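For reference, the structure discussed in these notes is given below.
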Amino acid sequence: MVFFSCNNCGEACKKNQVERHLFQCRNTTFSCIDCQLVYTRETYKDHVKCITENQKYGGKNYVEKENKGEAKQNAWVDQVNRAIEFVTDSQVKELLKSVAGFANIPRKEAKFINFLTNSCRLRDKNLALRAWQAIAAEADKMREEAIRKQEETQKMEKAQKEAAAAAKKETTVATTAAEVTDAPESTFKWKKVIKRKLKENGGEMKIKKLKKAIIEELSAAGAASDDVDSIFDEKLQKCAAVTVDGKKVSLVV
């Protein structure tokens, strides 16, 4: 419960006593006893909750933990405020505006109607019931919105997981394919094949013909490569068992 002090006479008032006190001190303002902020007759209703002693004396880094009951009450106040915003019945709208100024608005229908009768001096039970129905309608809407948002979040998370799994699978497949392609080339016996091809052709061949024969061997071994030309030239230069003379290559006798 929020307590105020009248800045005209100094009398302390509970929040639900401020309206009555305004008949005594008409043009006054009120200071919150806890936070010392000043409120007018129009703004005091918005001051629903004030700082606790722990917040007041706990230092600048203190963070107040919201208990479950308080969380439920705050959610209920949100429903009341939404009802005020969207209700089209002017009587209900004005009634809910006056209700919104109270700290602990009952969350059960029977208690809510009794609260309107006792605290708001409302004698029209039909109006009280319409006010309850307006809040209940917003509660249903908020519940549906929460379910829809949760479903959208779950769909998004599922899509992200599936995309990540697909990307991982694609990377794995590409890596495996690269390993399969690269493995035969890394184990391909270049020097032995070069010497064998030369022996099969009388110890001498044109470089172009030898390269073609080597590429056929590579393809048969499943080791096709985009840079086979440069690899062939490098392997040929390093092969001590052959000599290169212009466009021909011969075995060293």
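Every residue gets a Cβ built from N, Cα and C, even glycine.
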Zinc finger range according to Swiss-Prot, out of 1-26, 131-156, 157-182: 1-26
Correct range for zinc finger (source Swiss-Prot, candidates 27-51, 77-101, 202-226): 27-51
DSSP-derived class (H/G/I helix, E/B strand, else coil) of C35 (Zn(2+) 2 binding site): coil
Spatial neighbour of H21 (Zn(2+) 1 binding site) that is closest, considering only the binding-site residues C35, H47, C50 and their CA atoms: H47
Integer mean pLDDT for the zinc finger (1-26): 86
